[in-house]
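Colleague: Quick one: the structure is below, questions incoming.
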Amino acid sequence: MSKRRAYPQPQYAISQDQAPATPPVGASAAYGVPQVAQQFQQMNINPQPGAQPGAAVPQGYGYNQYGQQPQPGQAYDPYQQPPQANTGFGGQQQTPSQQPYQQQGGYFGAGAGGQAAPALPLNQLYTTDLSRELPPPISDLSLPPPPLVIPSNTAIVPTSEDSNASPDYFRSTLNVIPNNGTLLKRSKLPLALVVRPYTTLRVDQENIPAASDTIISRCRRCRCYINPFVTLTEQGRRWRCNLCNLQNDIPAAFEYDETRGVPRNKFDRVELNHSVVEFVAPKEYMARAPQPIVFVFVIDVSADAVNSGLTSTVTRTILESLDRIPNQNKTARVAFLGVDSNLHYFRFDEGLEGSELLIASDLDEPFLPSPSGLLINLEENRPAIEKLLIDFPTYFENTANTQFALGPALKAGHKMIANIGGKLITFAASLPNIGEGKLSVRDEASHSGQPKESQMLLGAADKFYKSFAVECNSAQVTVDLFLTSARYQDVATLSNLPRFTAGQTHFYPAWSCVKPEDVTKLSKEISEHLSMDIALEAVLRVRSSTGMRSSAFYGNFFNRSSDLCSFPSFPRDQSYVIEMSIEETITKPVVYFQAASLHSTSYGERRIRVMNLAIPTSSKLDDIYASADQLAIANYFTHKAVEKALASSLPDARNYIVKSIVDILNVYKKELVAGNVSGSSPLQISTNLRMLPLLLFSLTKHLGLRGERVPSDHRAAALNRLSSLPIPHLIKYIYPTVYSLHNMGDECGLPEQTVTVNEETGEEETTSGGILLPEPINDTKASWENYGLYLIDNSSEVFLWVSGDVVPDLVYDLFGTDNLYSIPTGKTELPELQPDESEFNYRVRNILGKIREQKDQITWKNLYVVIGGSSNEPIEISQQRDLMALRMWALSCLVEDKTANEQGYREFLTSLKGKVAQ
């Protein structure tokens, strides 16, 4: 048991008979019930699978993760796969036909078409009652999806641990696929794929095997890439496509290395062993030679931008980030364009250490004032570029120009790079108010919070931006936006630019260089953005087994055809959802999906990243529910809700979410509850879906969808994030993570210590890992203590809540003062006390650093310190409007709680009960 820091709390001592109904802060999600061993205690069900044997589980997909216990005599961790040494399904001894690399009635390594495997028991269905799961066990949010249970001979190399894709890259909302469309519709569960081709910002941070010999074998009919699930036929000379069943020839180079003159073992090839792999593409995969990295910096130089410090901060950050721009082969090119009521170009002469300012005032027909010297090689012109970035703010320091011609500037930038493609990275502190694409302030007072809010405030106010974005996409040009205005900026309209060009909208409301924290956030995010290893001229296509097809696509890209998604540049911090439909009855026990991204790397190499997924099928509704992935389903419903919010109305989006939950509960009650007892609870659901109602309820209260009045720029920015975030960040954005700090274990905030035994010496060795975080607690005030200290992470910001009745010693340990009301509040940073002065301060700063540490997002999370209310609070404190607003903002993260205008999770379940019972 971990130690707890003991702060004096005599004024809060509670006798046994006065113990509160709410559990102590820091308790597990089950509030006193051991998280794994007794997780099913409140469900009134047997956590053991009973007579049904457990199936062998692909490594990496979790095992028995919803509380099933190991059998007597087994000592494996319940969240891990049990030992599989020479065992078959359910722990049985393997027969010769199950042993890897055997020839039992089929060719060596025959794959999916080898000896038929017996029918597998799929994941067991466990039922839980949502009304008895309060507070909800949020530890489920960190669990992997239900296991993918497929026959051992599905993969061509049965011993490969990576034959099925990790859910980090490729996952399905259903880990058992209905065998016909009627069953899918009856289930009311969505069938969609979540694709995330890249999981880190930089290539060197991930380890994806690559086939570098440019030998690529594809199906002649469906163009599927050879993969771990194909079948070898004719003694290994041909392979049968696992998607369309066509036979294809095995390339001779799979068996013989012509360059070295030595034989090869085809079973060693990475594409037959790994589900996520890259191919180095030959010339036939190139419409033209790979293009260099190209950045055109479009910088607002109007009075708003200059006075707020945006112009100087941006140019200084670019200067400091030049070495971070991916430029391995020294071909990266850059251009700079200042924008107010004129277009300010900067022309460079080769070999000179300066640049020439060229001003164009014709906004109707933007033209390039020089045929050369505007777009230049970064490496060859480094001194001149550095000098320009140092001098750039001085060109505009005394400006009184309040106009901002964004539309003409974008068209000019497009002209510069239309023949090679690239990125238009745009920094704006003003509303575009002159030239093509001119926008005006909308009437928020009349429409915010009203039924027509979507049409009047969230739709595009000018068709120029979408049409221009589509034009950019066809020219391989991406637009990224960094918006910092203190006033209305029409994010809803401008965000069409990144949405259809595979870019992103970054929003910094009321940004000012006077606030060091604002400067830090913008600078860090620009720098991370510039250093990201983007993929250029990319397309993404998802293929599936015969009888299925893709029917809808969600994310930031342009859908070029029925199944081809176009990305001028492929960002590494977003994910995408593809909805699937079942067109024919599926007769095979396993279906397959393959996602392939063709792209050019930032170092000039054409590559194809291929991801493969094999999923079992079933005709039983209970199999489908038992293997549904609640996080992927929540991701799908988020995209659908955003789509409805923009196309129809916010109330329609919220109603859609609630109706979806009701439909799922109705199906479960009518078809899967044992005996369908009339008096049974209407809130029963499979255990693996018990967090889905909480997530979707939280989504209805999110800034992007809630019914209250919300500034339209903030709402539009939130909708953009909801429709592009990868699942781990999306879940935190919907349901924030809350940590209790005042009673965390002594090991929290310090490097995790792992003790291992050296096999040679027999001595214990201790290694240090990452910073250990406290266990999250539920998003409700009921899990808080009025003298506590809490950290709230909502994926965008971090709030440090200091309760109004906090113990003075705790304040002193963290802030170096025992005067609660003297500590800085709002956007700030913690004081850096030395470990010998305050270990607690050191540990909390470590925790904050760990939360901010992200290898897959550019987001820098600002810290907001909030002092909670108290009956002893000085009157001058309670009258501070900024502090009151800050409290409301932080408390809005406690989504399980009831507010003045919105119901809490308990009330929501009560309302669901009435809807389902009808």
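The backbone N, Cα and C atoms fix where each Cβ goes, glycine too.
What Swiss-Prot lists as region 'Disordered' is 1-28, 41-112. According to Swiss-Prot, the compositional bias 'Low complexity' annotation covers 47-84, 92-105. What Swiss-Prot records for C219, C222, C241, C244 is Zn(2+) binding site. For 219-244, the entry in Swiss-Prot reads region 'Zinc finger-like'.
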Colleague: Taking the binding-site residues one at a time (C219, C222, C241, C244), which has its Cβ surrounded by the most other Cβ atoms within 10 Å?
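Modeller: The most densely surrounded of these binding-site residues is C241.
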Colleague: Once C219, C222, C241, C244 are set aside, which residues in the chain still have Cβ within 8 Å of the Cβ centroid of the Zn(2+) site?
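Modeller: Residues close to the Zn(2+) site, other than C219, C222, C241, C244: R220, R221, R223, C224, N242, L243, N245, L246, N248, R543.
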Colleague: What is the three-state DSSP composition of the region 'Zinc finger-like' (219-244), stated as helix, strand and coil residue counts?
Modeller: 0 helix, 7 strand, 19 coil
Colleague: Mean pLDDT for the region 'Zinc finger-like' (219-244), as a whole number?
Modeller: 95
